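Novice: This is the structure I have questions about; it appears just below.
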Amino acid sequence: MGVFALIQAGLLTYEAGAFPWLGTVIGGYLFGLGIVLAGGCATGTWYRAGEGLIGSWIALFTYMVMSAVMRSPHASGLNQTLQHYTTEHNSIAETFNLSVWPLVTVLLVITLWVVMKELKKPKLKVATLPPRRTGIAHILFEKRWHPFVTAVLIGLIALLAWPLSEATGRMFGLGVTSPTANILQFLVAGDVKYINWGVFLVLGIFVGTFIAAKASREFRVRAADAQTTLRSGLGGVLMGFGASIAGGCSIGNGLVMTAMMTWQGWIGLVFMILGVWTASWLVYVRPQRKARLATAAAN
C-alpha cells in the first residue's frame, strides 16, 4: 500500500515486466525444499549465521556460491531457455486491465480481518525469566516483542527500502539473493560495481544479529552432526539455484513481489510453500511415522 502510494505520488517508478512462469514455478519449489534442508530461508540463514550456527555458515556459503554461479556465463544457456517461457504481464492488475487499488484494498481487508481474529483469541501466559536489564537494553535484548509490532516494523523497513535504494541507483525493495551473490562476485573480481545498497543490507542483517545475540547472551558457536551439516550445504545450493531462476527468494518474491501484486510473487510464494511442505514431510514427518509404526510393531 505504501509503495503504491509513493508511485501514485510520482516519487517512485516501477514496471512489473513479463512473468517468467516456468522459472518461478520450478525455482520457488526448489527454494522451498532448500529452506527445510538449510534450516531457514535466505534471510534466516544470514541471521542464524550471525547467531553462531556453523550449519548456517555452510548453508550461507553454498547459497552464495550457487547464486553467483547462476549469474555467471556458465548459467547463461539455462537462463535464456527459461526466459522463453514467459507471459506478457507480470502485474495482476494489468492482466485484468484493472487499477491496482482494488487488489490492495482486498488484501488490506483480509489482513485486518486476520489481525482482529488473532487479537480476540485468549492470551496464553508464557513463563519468562526475571529481567536482568532495564530500559532500552531490556526492550531490545530481553523483552519478547509482539508479532504484530515486529510485522509493522518489518513493513516500514520494506517500505523505506524503495526510496533509500533508489537514491543509490537501485530500483527495488528488499532483496537478499542478488546482494549475497554480489559479495562473492566482488571478492572474486574485485569490481566495486558489485558493492551496492543490497550488499550493505545483508551485511547489516548479519552484523545486527551478531550484536543482538551477543547482547542477549545467546551467541554460541554451535556445530551440528555430519548429516545435518551435509543437509545444510545441499539446502543452500537449492536455495541459491531456486531463487535465481525464480527471480527472488522468500523476501524478493514472498514479501516484495507479492506486495507489488505480481504473478511472480504470489505464484512463487505458493510453490515455496509446496516445497517446504514436501521437504518437511520427507525429512521430519515420514521418519517420525515410521519410527512410531516400528515402536508399535515391537510392542
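Even glycines carry a Cβ here, placed using N, Cα and C.
Among the features that TrEMBL reports, transmembrane segment is placed at 28-47, 54-72, 92-115, 145-164, 194-213, 234-257, 263-284.
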Novice: Are there three or more C-beta pairs under 8 angstroms joining the transmembrane segment (145-164) and the transmembrane segment (263-284), sequence spacing 6 or more?
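Specialist: Contact absent: fewer than 3 Cβ pairs fall under 8 Å.
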Novice: I'd like to know if the transmembrane segment (92-115) touches the transmembrane segment (54-72) in this structure, counting it as a touch only when three or more C-beta pairs sit under 8 Å and are separated by 6 or more positions.
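Specialist: With fewer than 3 qualifying Cβ pairs, these stretches do not touch.
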Novice: Looking at the stretches 28-47, 92-115, 145-164, 194-213, which one shares the most CB pairs under 8 Å with the transmembrane segment (234-257)?
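Specialist: Comparing 28-47, 92-115, 145-164, 194-213 against the transmembrane segment (234-257), the winner is 28-47.
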Novice: Cβ under 8 Å to the transmembrane segment (194-213), counting only same-chain residues 6 or more beyond its ends: which ones?
Specialist: 43, 46-52, 140-141, 161, 164-165, 168-170, 172, 174-176, 178-180, 182-183, 185-186, 219
